[in-house]
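Annotated features, as they stand in Swiss-Prot:
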SIGNAL    1-34  signal peptide
REGION    287-322  region 'Disordered'
COMPBIAS  294-308  compositional bias 'Low complexity'
MOTIF     346-349  motif 'CXXC'
MOTIF     565-573  motif 'CX6CC'
LIPID     640  S-palmitoyl cysteine
MOTIF     665-668  motif 'YXXL motif'
C-alpha cells in the first residue's frame, strides 16, 4: 500500500483485496447535466475527453461531435502516459506530456541486436520493480499487470462514501487500507455497484510484448463508464481515483485525471457598437451627376487632375420599414405565383401584435445520419411553442394527448445513436424549442417530442371589400370578417413546392424560389428583432446603473437612520438585475441565426445560385429562351424538312413532264398483211 508501515500479510490472514495500485482518475466535466442552460438538448457540441496526469496536464484525449451526456467512449490511455511528470518511481518525472517513449530499446536476442539496445528482450525478468523509462522496463511492467498473481487495483477519490475515511488521500493514492478498491485487474476481481468507472488492460500480454520490443507505449488501459457514472451530475467539480500495482513489497502508484470539455460548433459572432435605438433608413437621395471635365484648348495645355472614383461601399442594413415591406412583398410574390387568382385585388396586412410567426405542421422526408451533420450545431430557441402550430404533420417521440391533434403520422425512434435532420425550409418544433436536428439518444432518454413545421410570418389576407367597408359610413353592424393568414394560404409550400417542381417543371421551381425569398426576408426580420431586444436590454442595464447610483446616495443620506431600508421600515430592499439572462439568450439567438443563414445558403444548388446572384439573369433567360429554342429546332429539323420538300417538288415536276411528252405522240396501229 501507499503507507510504508502497511506491509503485506500472508494470503490466509488478510483479505486478498488488500493489494491495489493507485490510479487517480479525475473526471471533470465542463458543465453538469444542466450545462448550457436553456439550449436545446439535441444541439451537437464538439466534445473532448482529456486524460490528465497527477499535475492535471493533458496526456491523452479523444474528440467527437455529439449532444451533451450522450457520448461515453472507452478511454485507452497508456499506463506510462499517466506517469509523465509523475512520481519518481516510474522514471518519467522529467518527461513532458505527449512525449515519445524513452529508450533505449531492448535487444532482440538471437535474431540480432539493435543499435543502442540495453538488455536482451528475452532475458528472464528479475524482481526489480517495473518502471517506464526503458523498453525492457515497460516489458517488465506488461508482465506484472497481466500475470495472475499480480495486476493492479483502483480506488475512488472524492466521490467515495463518507464512511471510507480510512482510504486516505492523494499521497496514498486513495488506497491506504484494504477494501477501498472498486475496480482493476487482480485475482480477487475488485468491483463496485456505485463507482463511476471500470479499469482493465486493453491488450493481451502477447500483443503488448511485441509492442514493447518495438520501443513504444505498450501498456494501454481500457477505462469504461458505468451506468452510475453516466447518471451523475457533479462532473464539474471533478472525480479522482488512485491506481496501484500489486507487487511484492510496497505497491507503487500514480494519480491521473479525466476531464470533459465541450464547445459550440457554431460560428463566433463578433460584437460591435450597437446604438440604443436602431436608426431608420431614409429614402436614398439620387447621386449628383458628375461635372463634365473641360477639354484642354490648344492655347492652354495645362493637364487637368481627375479625382479617382470612390471605392464601392457595402450597402447599409435595411431599416425597420424596409424589413417589414420586404416581408409583405415576399408574401405577395409567393402568393401571386401559387394562387394568382387571389392577388387580382387584395390587401396583405402584417400583424403588429405577438405572435409574429406561426408554424404549420407538414409531412416530409427527413434524413438519417449516423454522425452529427453540420446543421446539428445550430440550436434555435425561438419563442414558438406547440400551441402556436396549426395543421397536421409528422411527429416523433411520445406526443401527449393534448397535442396529438397536430400529428398526421407519429414515428417512434429506435435504439442507437443517430441524428434526424429536417428537410430544407423546415424545422423540428419540440417541447424544448426549435431545432434543425434531432438526436435519437436524447429522444430515447427523455420525454421530448417534436413536430415537423414550416415557419411563416403573421401576414393576414383580406379581400378588397373588407378594406372598402372600413371607409364606408354605414349604420348597419356587419359580421366580423374572417381573416386568412399566409400560413393557411401557403402552408406546405416547402414540401409541396419542391415535390411539384419535379413533375410540373418551371412554374413550381419559380414558386419555390419565391418561397426562398420570403424565407430570407423572415431571417432578416428575426435578426433585427434580436438586435432590438439587445438594444432594449442595454437600455434597461443603463437605467439599472442609474437606479443603483441613486440608491447609494439615499443610503448615505439616511445613514443615521440605518440606511434606506430602515427609513422605509422595510425588511429587505435589494435590487436584482436579471438582464444577464436576456444577454445570454440574445447572444445564442444571434449565433443560431447566423448558422441558419449559412445552412440555407449551402442548401441551394448551383442552378438556383445563378438566379439569386443576378437579378437581371431571370428576365434575360425568359426573354431569349423562346427565340433560342425556335432557332435550335430550325437548325435541327430544317435540313430534313427542306430535303423532303425539294424531293416532293422534283417528283411532281417529273410527272408533269411525262404527261407533256405523251401528248405529242400517238400510238400506231399495227398493219395487217393480206396473203398473196
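In case you wondered, yes, glycine gets a Cβ from its N, Cα and C as well.
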- Task: On the DSSP side of things, how many residues of the motif 'CXXC' (346-349) fall into helix, strand and coil, could you say?
- Result: 0 helix, 3 strand, 1 coil
- Message: Let me check the 10 A CB neighbour count of residue 640 (S-palmitoyl cysteine). How many other CB atoms are there?
- Response: 9
- Whole-number mean pLDDT, the motif 'YXXL motif' (665-668), equals 64
- Item | In three-state DSSP terms, the structure that residue 640 (S-palmitoyl cysteine) belongs to | helix
